[in-house]
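Taken from TrEMBL, the feature transmembrane segment covers 12-32, 53-72, 92-109. Residues or ranges marked as domain 'Fatty acid hydroxylase' by TrEMBL: 96-173.
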Amino acid sequence: MGFEVSDELLGTFVPVLIYWAYSGIYVVLDSFENYRLHTRKDEDEKNLVSKRTVVKGVLLQQTIQAIVAILLFTVTGNDGGDSGVKPSFIDLARQFVTAMIVLDTWQYFMHRYMHHNKFLYKHIHSQHHRLVVPYAFGALYNHPVEGLLLDTIGGALSFLLSGMSPRASIFFFSLPPSKPNNTAYHDVHHQLYGSKYNFSQPFFVMWDRILGTHMPYSLEKRAGGGFEVRPKKVDKEN
């Protein structure tokens, strides 16, 4: 009998491995100035936290996520591989779209509230904004309470409400952000002029558009190589 790894175990740890592999690609690209949104000098001078601290913070959050995932899989006892019934492509598509909408909705409103509540921003969410110049592996760098509320509970809700199996979750939680909600889009949010805009993550930007917190931008070539994000307008009412 060959060695088998359960879908639950894969669903817990494959997204973590993909996260670091995907981030590693960006680390390599960042070594080339032509692919950067900020210069290395800006990254070193503006960020208020070291990369070593960021790595430790991300690993802590991923440890918490792994524990919650194992507990969730144990409680639900939902292993699509044991049912003998393979979901159709339409079923999988429906589950993925549902999970995306649930996760985007949860994260938009939680994220926006953390900006509007001064106590939560000062003591919790401001930790994430120590990265004024964000980079790929810092995406999950935040306060443990925020990680639990925003990412871990949001992920659990998207899994439960979509009805996907642990096997499907392997692929869903390994998805990178979508094209509309990309690096530049979130970079706007990390700048002073955009701190009240572009709350949406990780897939769509629909809630920003619907609720008036969307800040469009353009990418302009920077002298010396690379690009910089330029906001197209700022709605001062927000």
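Any Cβ shown, glycine's included, is placed from N, Cα and C.
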Near the transmembrane segment (53-72) in space but 6 or more residues beyond its ends, with Cβ under 8 Å, are 8, 11-13, 16, 19, 127, 131, 137-138, 140-142, 144, 147-148, 151-152, 155-156, 159-160
The predicted model's mean pLDDT over the domain 'Fatty acid hydroxylase' (96-173) is 96
In DSSP terms, the domain 'Fatty acid hydroxylase' (96-173) comprises 62 helix, 0 strand, 16 coil
